[in-house]
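To start, the structure itself, in structure tokens.
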Amino acid sequence: MNAPDKFASLLALTREPFPASTKSYLAGSQPGLRVPVRDIQLTNGEVVSVYDTSGPYTDPAVQIDVRKGLASVRGEWIAARGDTEGYEGRVRKALDDGQKAEDGDRLAQLRAEAAALQRQPLRARSGANVTQMHYAKKGIVTPEMEYVALRENGRREWMQQYMQDTAREQRLAGNPLGASIPKIITPEFVRDEVARGRAIIPANINHPEVEPMAIGRNFKVKINANIGNSAVTSSIEEEVEKLVWAIRWGADNVMDLSTGKNIHTTRDWIVRNSPVPIGTVPIYQALEKVGGIAEDLTWEIFRDTLIEQAEQGVDYFTIHAGVRLAYIQLTAARRTGIVSRGGSIMAKWCMAHHKESFLYTHFEDICDIMKAYDVSFSLGDGLRPGCASDANDEAQFAELHTLGELTQIAWKHDVQTMIEGPGHVPMHMIQANMTEQLKTCHEAPFYTLGPLTIDIAPGYDHIASAIGAAMIGWMGTAMLCYVTPKEHLGLPDRDDVKQGIIAYKIAAHAADVAKGHPGARARDDALSQARFDFRWQDQFNLGLDPDTAKEYHDETLPKDSAKVAHFCSMCGPKFCSMKITQEVREFAQQGLQSKAEEFNRTGGELYVPIHRAD
């Protein structure tokens, strides 16, 4: 792999701070609790602070060596609680990386390159429970909860100038559609939401590098990006670079969906270098361990895989425990059958053995593993619809009902839980999904893949799905799983990753504005004001993608002088509506001034006497 050279070149661009941006930190109540924000310096002297997911990669003051991983954020907090213990951990096997021989040259090379990324695993002490939900139910406000509160609030002082018009704010007030969003997020509010199961803070005790974040209906809508190799393409260094690229553009969480070789080592590199929570679908690696033959899967192999990944620091597992034997026949009349990889694997296993899935029958055993490491459940929708004509059918909602039952079992163990959702759903059927999920799953956070609203957009599915994502985000979904232009077509590269993330940042932000999340619209107002003032650089820099905005502008007006011009190439200097509006305002102001002078000349009386000739 020659990791040092390849990573150095791949990460060079990704470490560049955004234009006119600097990293700053909000201080918490205890030493070491520092929450990052990105400050955008405007040409008029204003500073706009925005939520930041890029971790230390965009902080020039931080030295990063990806061969060793990121510095710990939470290590001292975890140790201070006194309820964990270090231990030797399971023995790493060649099969973990898809290798058959323990003494192979390739395996030795992989392990040597990842040697500095190894950590002694932690687990809960005997009889202890180390989940954020457990602490929350006991009334404990953890540093992670305070971190989340500071992060959700951000630095709000700059917003006030855009929120002073009371009439405007009332006119534009959002509709939360049943959500309960306070004006200020307090640590106690975070604790209460986690205790109720309405929010999760995915943060494995073996992932101390993670910057805590919350997924819940009453917080900002989050987005997830998927990366991972396949049996056909990609490499470890490419996947790590995709991770850093994804969080640069705004991915709140990242899932490693690797299905090819070197799965274990790829995950070492990803987790140790990730400041955001990492999720996986453990059944993928378990399937690799049995040569891709679903029928050969066993509970013992799956259990070993869960512990393996929990020790590495994975923050949440997608587990398709809701795929029950009786539900499989409900998919027979579908146009596209079972489209979830995990769902199809478990369906095949159930049919081959003609009994319930071991994920379902051993669910409480899985809970015991989850709570020992604080791994969150992402209960998978293995029977989600794969096309619009299969949406909201009996199979989909039967599984959802089971996921609601499993959620209550997980909560009995104080295991944090979110619910995965579709998929492909026409616009007029989206609300029914949200309503059913809130009722059936007891307000556990909903995490949806889109949904795609139409099926005729190959190459543009990121747009077709962002429409549904914006809608369901407004209705109450807590996290949106991005879709890239390559959906249904192939493994996304870094450009596809960026396009998918930007589409979903748009959807999530639109949902926050519609819900009336405090201050959500202020950045829009700042950009609108920059646009009206013809502050082109500020327009670029306030956008979600400054690079593309500047590139499009400069295709026709590349000179520096165009950055202060009061027009663009769309309308030119004579037909710019904003320039004309400014001129109209100037004329109106001049007219008012003229009338004021006339008023003063006539004596300053409101009513001027009329002198009539006798």
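Any Cβ shown, glycine's included, is placed from N, Cα and C.
Under the three-state DSSP scheme, Ser340 (substrate binding site) falls in the coil class. Marked as substrate binding site by Swiss-Prot on the basis of sequence analysis: Asn226, Met255, Tyr284, His320, Ser340, Arg341, Gly342, Asp381, Gly382, Leu383, Arg384, Glu420, Tyr447.
The local packing around His488 (Zn(2+) binding site), expressed as other Cβ atoms within 10 Å of its Cβ over all shown chains, amounts to 13. For His424, His488, the entry in Swiss-Prot reads Zn(2+) binding site.
Annotation comment: Swiss-Prot describes Cys568, Cys571, Cys576 as [4Fe-4S] cluster binding site, evidence class sequence analysis.
Close to His424 (Zn(2+) binding site), meaning Cα to Cα within 10 A, are the following binding-site residues out of Tyr284, Ser340, Gly382, Arg384: Arg384.
Ranked by how many other Cβ atoms sit within 10 Å of their Cβ, the binding-site residues Tyr284, Tyr447 place Tyr284 at the bottom. Under the three-state DSSP scheme, His488 (Zn(2+) binding site) falls in the coil class. The two recorded residues Gly342 (substrate binding site) and His488 (Zn(2+) binding site) have their Cα atoms spaced 16 Å from each other.
Listed in sequence order, the residues of the same chain lying 6 or more apart from Ser340 (substrate binding site) and placing their CB within less than 8 Å of its CB are His320, Gly380, Asp381, Gly382, Leu383, Arg384.
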